[in-house]
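Positions annotated as domain 'Putative zinc-finger' by TrEMBL: B:3-37. The annotation region 'Disordered' is assigned in TrEMBL to B:273-304. Annotation source TrEMBL lists compositional bias 'Basic and acidic residues' at B:286-304.
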Amino acid sequence: MSTAEYSNNPFIGLDSLTDNALMLRVKAGDVDRMGLLFERHHRALLGFLYHMLGGSRAASEDLVQNVFYRMLKYRHTYSADGEFRTWMYHLARNVLADHVKKNRHAAYHTDVANVADYLGGGHLADEGLEQAQDVLVLHQALARLSPENREVLVLSRFQEMKYGEIAQVLDTTEGAVRVRAHRALKELKTIYLRIEN
Amino acid sequence: MNCESTQDQLADYMSGQLPEPEHSELVAHLAGCTSCRAELEAVQRVWRTLGKATTPEPSPNLRPEFYAMLADFKSTLAPEPKYSPKGLWRWLRELQIPQPALRLAYSLALLLVGAVGGYWLNNQPKTTPADQQQLATLAAQVGEMRQVMLLTLIDNPSATERLRAVSYTKELDGAADAKVINALLSTLNHDDNVNVRLATLEALAPLAADPTVRLGLVHALAQQESPLVQSALADVMVQLQEHRSLPQLRALLKQANLDGTVKSKIEESIQTLSTGRPAAPATTPQRHDQTHVFPRAERPALAV
Ligand SMILES: [Zn+2]
């Protein structure tokens with residue numbers, strides 16, 4: 001199948017619907033509406049998984065599919081008063097945890113080979129290589145954080161979530177998220193100092 | 001405000017989540033404290049590095065695979081008999097055998113058979129019947145593993161994995177059992193991805209000596225909506241000289257939305273089959289541009 005098949009936007013008229021309204025329609029059996037939710041969120045979700053996994057695009061993409069599959073399969077658990085994004089990241093964390101359990105040895109895929117992924121992603125060659133090296137170092141640093149601290153940092157910096165929303169995703173309190181964010185940043189700073197010296 | 005509580009708030013400050021009056025208090029403290037300013041600079045560098053890291057572009061497969069998965073999911077919502085082959089494949093898929101593990105086991109088994117077989121052949125000029133028996137058992141086990149691989153992957157949400165499953169058919173050396181054949185025929189008729197259906201047809205055609213396959217292919221004609229698969233199936237029917245496909249081919253012609261090219265192709269196939277002329281070799285260029293195919297006799301018999 002080519003992307004051209006999707007270029008005729010089948011979602012005209014639906015653009016104005018909120019994520020919540022779309023997901024409620026999916027829940028009611030109109031599963032095609034998941035298409036627009038995919039269009040809206042797959043990049044951000046890929047980013048979350050990519051940084052959580054340490055930069056393996058292929059593995060992250062498999063997990064993106066898995067998250068959307070679970071949202072379809074468990075659509076009845078979506079509640080009308082919830083936030084779609086919160087629910088999606090909630091499932092994404094479960095998918096991630098399962099993946100890490102199954103691939104214990106490859107829990108965090110930081111690898112020079114991932115630089116190729118990164119460069120293959122349409123970045124300009126010159127600045128691309130330097131950026132890719134920065135990302136590699138970043139992922140090596142992130143790898144040394146505990147997964148709990150890492151995810152708070154990824155959600156707040158890459159997904160630009162506020163503490164309140166992160167708390168909902170993680171099923172914890174805002175105060176706890178705040179403390180983790182602080183600790184994660186401090187740890188990361190120390191790790192960076194060590195890498196640089 | 002002391003230095004410790006100031007440094008505790010730097011993360012909130014940088015992410016814009018520090019409320020008043022803490023915000024003003026922090027700014028005031030920073031103005032007069034060099035060590036806290038140094039700390040702020042250090043964490044700000046890390047914060048900025050994080051901000052610069054971008055995510056790669058999704059690969060071109062991600063979107064089509066999502067829509068294939070969605071279509072596949074939709075098809076599972078339709079009620080179907082409990083013990084259908086599809087139900088069985090879904091059950092196999094739900095087992096969620098980690099694919100890398102399965103693939104590894106498969107590769108190891110192949111290696112083992114190669115190594116053991118090679119050792120025997122090199123070291124025992126006369127293989128005893130007992131050795132041959134063991135070799136045969138090993139080979140049979142590998143064959144079974146191939147089948148399990150095929151059956152597990154063929155219902156995978158990812159089209160790439162389904163293509164891989166179909167490709168295992170060749171390695172079965174014609175020893176596909178009824179389960180495999182049913183799975184392949186079901187994929188040929190129901191898979192949402194045209195490429196998977198075409199690959200399945202290609203895998204099934206060499207197995208047409210099996211009457212189930214042959215009949216399955218004949219009946220598949222009525223199931224296909226893609227012009228590509230319709231044409232390919234018509235070709236296979238001609239190559240197999242399968243006269244039972246004539247009613248199916250004629251029925252296809254009556255379809256209102258039939259692609260023009262496919263229409264000529266099918267008329268041509270009907271003509272070839274009913275006049276009993278030899279099937280066109282696969283290498284003959286397909287004359288899709290042809291608007292009328294009659295009278296066939298004027299065309300030199302495959303002399304081109
Ligand atoms: Zn201070």
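The count begins at 1 with the first shown residue.
The backbone N, Cα and C atoms fix where each Cβ goes, and this holds for glycine too.
TrEMBL labels come from automatic prediction, so no person has curated them.
Cβ atoms under 8 Å from those of the domain 'Putative zinc-finger' (B:3-37) belong to residues 43-44, 47 of the same chain, restricted to positions at least 6 beyond its ends. Per-residue pLDDT, averaged along the domain 'Putative zinc-finger' (B:3-37), amounts to 91 for this model. Each residue in the domain 'Putative zinc-finger' (B:3-37) gets a DSSP state, and the totals come to 26 helix, 0 strand, 9 coil.
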